[in-house]
Structure formats: C-alpha cells, structure tokens
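> The repeat 'WD' annotation in TrEMBL covers 20-51, 195-228, 238-279, 362-395. For 281-352, the entry in TrEMBL reads domain 'FYVE-type'.
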Amino acid sequence: MAAEPQPKALTRKPLLLNKVEGSQEVVNMAAIVPKEDGVISVSEDRTVRVWLKRDSGQYWPSIYHAMPSPCSCMSFNPETRRLSIGLDNGTISEFILAEDYNKMTLVKSYQAHQSRVMMILFVLEMEWVLSTGQDKHFTWHCSESGQRLGGYRTSAGACGLQFDVETRHVFVGDHSGQVTILKLEQESCSLVTTFKGHTGGVTALCWDPIQRVLFSGSSDHSIIMWDIGGRKGTAIELQGHNDKVQSLSYAHHTRQLISCGADGGIVVWNMDVERQETPEWLDSDSCQKCDQPFFWNFKQMWDSKKIGLRQHHCRKCGKAVCGKCSSKRSSIPLMGFEFEVRVCDSCHESITDEERAPTATFHDSKHNIVHVHFDATRGWLLTSGTDKVIKLWDMTPVVS
C-alpha cells in the first residue's frame, strides 16, 4: 500500500514559546489565562493546576488541587473567573479563582451525568452550564442554583459541543458521526435538525457566530464546514490530517481555522477564500470515461468478452472511473484536498497551477494533541497532549 502523501511544511513556522511539564497523566484540556502569563490545566491524574510564569521563564503551579476523580474537561470564564470542571464520574464542580490565581474556592458540585463528562460550556449571558457525557446525554444546568434545567438523549456518546447565544441553538456532535441542533428555552428544548457527513465519530466542533458557520472534526481525519446561516445547505470538506482531528479553534479576525490532530499536526486553514463543495460520487456499472465494465457488471463483461475493472471516483468531478482513466493525482485545495488525491485524466489536465496553490499551512507539534486553545489577542496557541506535556506557541507568523 502506498504511503500517505505528507503535507508541505510551513514556510514560516510557529514559534515554540514554552513547555509546561509536571502532570502525571494525559492533560485532557488546558487554557491560556487572559492578560496573564498563566495556564489552567486539568488532567487524567485528577489534578487541576494553575501554572504561572516565574522570573526564571518557566511555568510553576500556583494552584495544585486534587479532585476525587480524573478531570476530563473544563470551561473557564475570565470575566467571572469561574472554572467549571467535568469529572470521569459524571460530576461537574465549579470553582471561583482568586484575582491573583493563587487560590480556588469551591462554589458548588452537581451530578450532571451518569458517566464521564465529555465537554462543558459556561454561558454567562444565560447563567447556564451546558455539558455532554458518555452516557449519551446533553444536559444544561443553572449556574446560580445548580438546578438541572433539562436534557436530551443523543444517538451516541457526545463529544463536540457549541452554543450560539443569539439564537439559543446548541450543537452536539456524537460518536455516530451525527450533529444535532437543539433550540434551548429556560427549562425545555426542541429538536431543530440533525445532519451527518462524516464516516467516523465527531470529535470536535467549532462555531463562528459571525459567519454562522459550524466546523466539525472527526475520527475519519476530515473537517466539514457547514453553512448554517447561509441556508443553502453547503458543506465543504477539508482534508489535511493523517489521523483523527482532536480539536478546532477559529481566529475570527483573520478568518483562519486551526485544527490539531492525533497525528501531531497543526493545520492553519485560510477560510477567507471561495471554496467549492466536493461532488457527489456518481453510480455507474461501467467507467464513465472509456465504458469498460466494472467487475460486478457480469452482463456487459460477457457481451464484450472483457474482464471487469475495479471502480474508482474522481475527486473533482465525482464520475465513476477505472484505474486507467484516473492514473493521475493532484491536490485540489479549494475543494479542501491539500493532499494529492485521485482525479480522472481530463480533470487533471484542467487543474491549473493557481488552483493547486495551498490554502493551508502545516506544522508538526511533535506530540499527540488532545486539545487546543487559541488566544487571539496575543496570537498564542496552547496544545495539550497524551505525552502529559502542554506546549505554548506563538502563532503570529502564521495567523496574522
């Protein structure tokens, strides 16, 4: 089997600013503290840590707090300094951090799920805490009273979670590959729609409330951009990872999407270009270029006394073609194919050098990334990984 083609290296690489080491297990999530040289992290080793940069240039914990169960996720609101932490046992615990980030005070805990909490969002405007869990439930609670306001059962364990404040729509991505849109009221919710475009589970969601576009990352290595606000049903594929997409972040000011994966890749996508939908794959019993029968087309094989051929599809036009009529490969960045993919010979001739110009840049983080957090004000990207390490990057050469 031929090796997967690798993306081209960045011409301008992100600068590694610092490594934060000390966790005993996987760092499941971390966030940059706004206006501070600090990082908040939660880990499988049950610890919540606030790391502040010392005069030595290294980050050391100003807070080291042990939870009763492994910490699976977190949500930090810098305005209120409220830290919501999801645990493996289904509990969500809320803390308030001191102004100097040297103390955290427990406000409340509540049993949100029957098993591991997968994602949390704190919505200050509504005073809501939204969460998804491995128990196949989405729930939301009042952050003031701790009261459960409602819930919805998803088709599989849910991981991705995003919320639009303006319309009160919540987006839930689950392991079946489905995205569910719900409309939330104070104590009820209604199903708006569901859609599915991935062949693997949804692992990450990212919402752009300005363009009203939803990005979904998946274990099938792909990202799909769903045009929710345009009402045209447009879905654009982005192919730039060799392993599952773990986390997504969006830089609104530059219209760039940052995706990170289990392959260690950091990909910065330029979304300020006119992208094209990939075509539907057409069905045919014979090659739509040379009319040779495919191997299941027994009648045409018998009539023409020819051996059936294996079916392929051109990624540009979607036609069903044989190997001989699709012997060429090409990248098609405007369709999201930053790697070279199979195209029919006629499409290969029609693709210009300008159309092959990359619309994304690639960088190897040298660790299996679990989660990312982007601070647009400073252009810093934080990656946390299965290697128990947090890395802080200066992305201003790339996202500028």
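The chain as shown is numbered from 1 upward.
Just so you know, glycine gets a Cβ as well, placed from its N, Cα and C.
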> Going along the chain, which residues at least six beyond the ends of the repeat 'WD' (362-395) come within the CB cut-off of under 8 Å?
7-10, 13-21, 23-32, 34, 39, 41, 43, 51, 240, 246-253, 258, 260-268, 338
> For the repeat 'WD' (362-395), what does DSSP give as the number of helix, strand and coil residues?
0 helix, 21 strand, 13 coil
> Under DSSP, the repeat 'WD' (195-228) has how many residues in helix, strand and coil?
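Taking the repeat 'WD' (195-228) as a whole: 0 helix, 21 strand, 13 coil.
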> List the helix, strand and coil residue totals of the repeat 'WD' (20-51) as derived from DSSP.
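Tallying H, G and I as helix, E and B as strand, the rest coil: 0 helix, 19 strand, 13 coil.
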